[in-house]
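Input: a single structure, listed below in structure tokens.
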Amino acid sequence: MKENRKIIHIDMDAFYASIEQRDNPKYKGKPLIVGGDPNRRGVVATCSYEARKYGIHSAMPSLTAYKLCPKAIFIRPRMEVYKKVSRQVMNILNEYSNIVEPLSLDEAFVDVSKSKRCKGSATLIALEIKERIFKEVGLTASAGVSFNKFLAKMASDFRKPDGITVITEENSKDFIRKLPIGKFFGVGRVTKNKLNNIGVFKGEDLLGFSEKELIGILGDRGKILYEFARGIDNRQVNPYRIRKSIGKEITLREDIEDIEEMIEILEKISERVSESLCLLNKKGKTVTLKVKFNDFKHITRSITLEHFLKEQKEIMECVKDLISIVDFKNKKVRLLGITISSLEENIITEEREQLSFDV
């Protein structure tokens, strides 16, 4: 563990939906869903907190969301707007440190260990950042402050929306002991069920197992959870982390024009992409569909979720949404492809049922 490290995790609250409510006062206080049309096999990219009260969450089929809340307002994502707002937020963060690691459009780690701002207080810096984001961008953010990345991330999730949580070396052990195992960074349904089966429900339950035992049960994840349970995370905030993507495309033997036939091919492609993600211990937030026509022109359509995914079923829900907005103009298709980008750090990668940064 590094001495005197001061790490802040900034996490924008319901980012896409909050931007839409900011820009359109008629949406404020209403259940708003950013994503696909419920009548066209779309998926939810994100939703407002008003919509979440109905059990709606990211990657849920839009039709399911509609059934849960028929009065919800559905709108298409405006990715260029979200990217512009993200740059505004990141510019603010960069004023406080030159060690900023964006994880996606709406969250980032900031290492303020050597910062002289706010008399060197990470807590005061986090509060000032939150205040500036609200005044200058018109949005709320949640902040976590701690001495490593794992605890800073857990802290930002603790009091959403518009909250701040500080985890010190003195209170970290108590915080981790009480933390439900499903809240641990990277622990999804599969690992959660495995741990529940051996009597692990909270952080304190992990302390009863040796590193060797956890590795035997969970593989490499076991070593990481062993360290997390003891408040250990030596990863550095990395402003130069390279963004990569994982994808697969197929050139068809014969040009096709039937949508159902395309869906069948995309099902196979998504299986391959999901397999690659699993093999590389990766998952991502952005799903991109590529379509090349028989005149060799091509188009891409993308959707960025507010949680990470790697499972084939979730990927295909997004792909079906994307293909529904492609204008084929009566042209035949000669190539189809799927790419997953905005990849998560290679720590513990597994599907999460809920949003990875919106609680």
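Any Cβ shown, glycine's included, is placed from N, Cα and C.
Swiss-Prot annotations:
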DOMAIN    7-188  domain 'UmuC'
BINDING   Asp11, Asp106  Mg(2+) binding site
SITE      Tyr16  site 'Substrate discrimination'
ACT_SITE  Glu107  active site
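Rounded to a whole number, the C-alpha distance linking Asp11 (Mg(2+) binding site) with Glu107 (active site) is 4 angstrom. Less than 8 angstroms from the CB of Tyr16 (site 'Substrate discrimination') sit Val34, Ala45, Thr46, Pro77, Tyr82, Glu306, each of them six or more residues away in the same chain. Comparing the recorded positions Asp11, Glu107 on other C-beta atoms within 10 angstroms of each C-beta gives the minimum for Glu107. Annotation note: Tyr16 (site 'Substrate discrimination') sits in a helical segment as assigned by DSSP. Around the Cβ of Asp106 (Mg(2+) binding site), 27 further Cβ atoms fall within 10 Å across all displayed protein chains.
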